[in-house]
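**Student:** Here you go, one structure.
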Amino acid sequence: MSEKEIWEKVLEIAQEKLSAVSYSTFLKDTELYTIKDGEAIVLSSIPFNANWLNQQYAEIIQAILFDVVGYEVKPHFITTEELANYSNNETATPKETTKPSTETTEDNHVLGREQFNAHNTFDTFVIGPGNRFPHAASLAVAEAPAKAYNPLFIYGGVGLGKTHLMHAIGHHVLDNNPDAKVIYTSSEKFTNEFIKSIRDNEGEAFRERYRNIDVLLIDDIQFIQNKVQTQEEFFYTFNELHQNNKQIVISSDRPPKEIAQLEDRLRSRFEWGLIVDITPPDYETRMAILQKKIEEEKLDIPPEALNYIANQIQSNIRELEGALTRLLAYSQLLGKPITTELTAEALKDIIQAPKSKKITIQDIQKIVGQYYNVRIEDFSAKKRTKSIAYPRQIAMYLSRELTDFSLPKIGEEFGGRDHTTVIHAHEKISKDLKEDPIFKQEVENLEKEIRNV
């Protein structure tokens, strides 16, 4: 693939993973200049954006690049102005343009601090009511790996600080023991490496790499749902590490019991230690995050502008910091001082037309389950008793009506059921709605509640 084709694919995947605001503000107009010696040089016309992408999104883009090109590539975002210096350096010291060898890639799986964002430490983590317990648990684990809580399972929505805490744990462990072997990875990357090890007949090297360590930090574990072989491999990796008193830290967007198509033996192991959840920051925490950010960056922003951002952006920390960066870029490009009016103008696309919360199948299962007294896990179970089967059909019907997910995807979230089962459920509930006005009112009430989640 050409650089253009590679980056088009990266942007396509990134658009699905990032919020619309983050994608359009920071990543949309970037361009891949070259890939050389395991590094992807990516151009951004705005200095603020280049710095922000290196700090906050390099890890996500690195994982996507791995999926697209099939080997480890570290993204480095530079401005178009910096490109001249880069080109001069390349001319002075020409480098070989070969793909990294397998040996180099494998050796780089344990990279110490290079795995972690230098900014993501416990010192830079702003504590508030929504994250105080996860922070305390993470610090306890970092102080005494495998002695406090093992595993530590952190869950919460996107951009709330789960990855920050995992990086902070990694930094702290290495502060106390520079020789510790620490791996930070995502379950998606773990899966891709596992598949590659099978393809290249390198299973033993893969197992050695992940089992001969002191701390495993694995992000977004929900990605392994429905991946039977990956779950089995991770099960044995988990057992090996746990039995040898090695620390395991796991993050997810939902608690273990709500991860569909996760083997019971893995689910139970995830629940062995401590499960903590991170919730969106309150106003005071949002203000503290913004104030800390401007102190770190030595920025001069009036308090009323920060107050406006903190009041308007309530979803997560990533969106909050993204709004601040957007404001700085807007002010710089227009050459105008930052005021409340300019802040409102810079963020008008976010504020005036907020993207409504996307309804998930998990939202539907939760509301329907509460109404009919059905546990979340029962929606994925094989049970066919009417007290469970009928609410399951209602949830399938609502999933088709209220989401854009495909029939196979809906079936997957209900225990891996075939798409024809979803069609049958939709047809049956549609028929019952026409025949029973009381039932119709019941389902309409459920729909309203789901839309208000």
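These residue numbers are counts, starting from 1, taken along the chain as shown.
Including glycine, each Cβ sits where the backbone N, Cα and C put it.
What you are looking at is a predicted structure, and each value in this text was computed from that prediction instead of being measured.
Pasting the feature list from Swiss-Prot:
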- 1-71: region 'Domain I, interacts with DnaA modulators' (REGION)
- 71-114: region 'Domain II' (REGION)
- 115-331: region 'Domain III, AAA+ region' (REGION)
- Gly159, Gly161, Lys162, Thr163: ATP binding site (BINDING)
- 332-453: region 'Domain IV, binds dsDNA' (REGION)
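Could you place these features in context, so I can see how deep they sit and what lies close by?
**Tutor:** Secondary structure at Lys162 (ATP binding site), as computed by DSSP, is helix.
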**Student:** With Cβ-Cβ distance below 8 Å and at least 6 positions apart along the chain, what are the contacts of Thr163 (ATP binding site)? List them in sequence order.
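**Tutor:** Result: Glu59, Asn120, Asp219, Ser251.
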**Student:** Can you tell which of the binding-site residues (Gly159, Gly161) has the fewest other C-beta atoms within 10 angstroms of its C-beta?
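**Tutor:** If we count Cβ atoms within 10 Å for the binding-site residues Gly159, Gly161, the smallest count is at Gly159.
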**Student:** Determine which residues of this chain, when Gly159, Gly161, Lys162, Thr163 are set aside, have a Cβ within 8 Å of the centroid of the ATP site's Cβ atoms, and list them as they appear in the sequence.
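**Tutor:** Going along the sequence, the neighbours appear as Gly156, Val158, Leu160, His164, Leu165, Ser251, Ile278, Asn316, Ile317, Arg318.
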**Student:** Can you give me the average pLDDT across the region 'Domain I, interacts with DnaA modulators' (1-71), rounded to a whole number?
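**Tutor:** Its mean pLDDT is 84.
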